[in-house]
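Undergrad: These came from TrEMBL, pasted as-is:
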REGION    1-30  region 'Disordered'
TRANSMEM  79-101  transmembrane segment
DOMAIN    81-314  domain 'Ion transport'
TRANSMEM  107-129  transmembrane segment
TRANSMEM  149-171  transmembrane segment
TRANSMEM  218-239  transmembrane segment
TRANSMEM  251-271  transmembrane segment
TRANSMEM  283-309  transmembrane segment
REGION    343-378  region 'Disordered'
COMPBIAS  349-376  compositional bias 'Basic and acidic residues'
C-alpha cells in the first residue's frame, strides 16, 4: 500500500473536513488525499503548541503563570506579594499575643476579629486559586491530580489553618470565648500560618542537607558530650546527695536533679536553682563545664561552617547556570562553523577536482594540437626536400 501525505495509508480516509483552499498539487496525475492537519515533527509540533493562540492554550498558559507566581516565586513582584503576606501573618500573630494581655485585651480582640476575617477570606481564596492553577501540571490535572495536590503536606496545613480560623470566627469574637481551652487549642493551629511563608520548604531542605552532610561530625560530638553529661552528673550526684544548705535541704536529692543541673550547665543557661555545696562537687562541676560545654558548642560551629559552604556552593551553581546559555550558544556557533567549514572544504575539493580535470583536458588538447602541428611541419619539410621523381619514397 502507498502512504498519503497525511502519514496514513492510502486506503484510510483523511479528515472529512476538507478545505478547498490551498489544495496540494497532483502527483503523477493522481489527486493526493488531502489532510488539513498533517503530522508535524516533534520540534515543530512543540513550537506550534507553545506559540498557539487557541483559547485552551491561553487558559493553560494563564494557569501556568498563576502557578509559577504562587508556587515558584521569582522576581520582585513575587517577592513583594509574599512579603506582604508575611507581614499580614506577623501582624495577626502580634495582635493574638496582645489579646492575651489584660491591658490590651479589648483593643486587640476587636482588631484581631477584623483581621481574622480578612485573613480567612484571603487564604481561602488563595487556596482555591492554588488548587485551580495546579492543573497546569500533568500530575495535578483532573480530579485525581487535584486530590493529589490537596494531599501535599503544605496544602493540608493551609486547609487546617482556614478551617481553624473559620471555627474560631464562628464561635465568637469575645476574648473570654477565645480564652477557653478548646478555642485556644484551635487558635494554636493558626500559628501554622508562619509556615505559609516558606511553602517550598527551602529552609528545611537547606538545614536537612547541611545536617546530612555533616552527620558524622555531629553524631560524634553529641555522643561524646552526652557521655560527659551523664558521667559528670552522676559524679556530682554522688558528691552532693548528702550536702545540705542553710535551710537543711539538698539540691541533688536524686539523679534526675543532677541531670537537670547538668543540662542547664552545658547549655550555658544557669538558672541557679541548684548549686554544688561541697568542694569535691565544685571541682567536678568545673571540670565538667570546661569539657562538656566545649563539645556541646561544637555542633553550632559545624552547622555554621556547613551553612557557609552550602551558600557558597549555591552561589557557584547560580554562576554556573548563568554561563550555561552562553556556553550552549558558543557550542552551537562552533558546530555551525564546523559544518560550514566542512561544506566549504568539500566544495573546494570538488572545485579543485573539476579545475584539475578541465586543466588536464586543456593541456591534453594543446599537447595533441602541438604534436599534430609538428608532425605536419616535419612531413611538409620532408616533402619539400625530396626530388620530384622520388616523392613517394620520401613520404
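Counting starts with 1 at the first residue shown.
Including glycine, each Cβ sits where the backbone N, Cα and C put it.
Are these features on the surface or tucked inside, and what touches them?
TA: Long-range contacts of the transmembrane segment (107-129) within its own chain (CB-CB distance under 8 A, at least 6 residues past either end) are made by residues 66, 70, 88-89, 91-92, 95-96, 98-99, 101, 155, 158-159, 161-162, 165-166, 168-169, 173-175, 178, 193, 196.
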Undergrad: Find the member of 149-171, 251-271, 283-309 that has more C-beta pairs under 8 Å to the transmembrane segment (218-239) than any other listed stretch.
TA: 283-309
Undergrad: Mean pLDDT for the domain 'Ion transport' (81-314), rounded to an integer?
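TA: Its mean pLDDT is 81.
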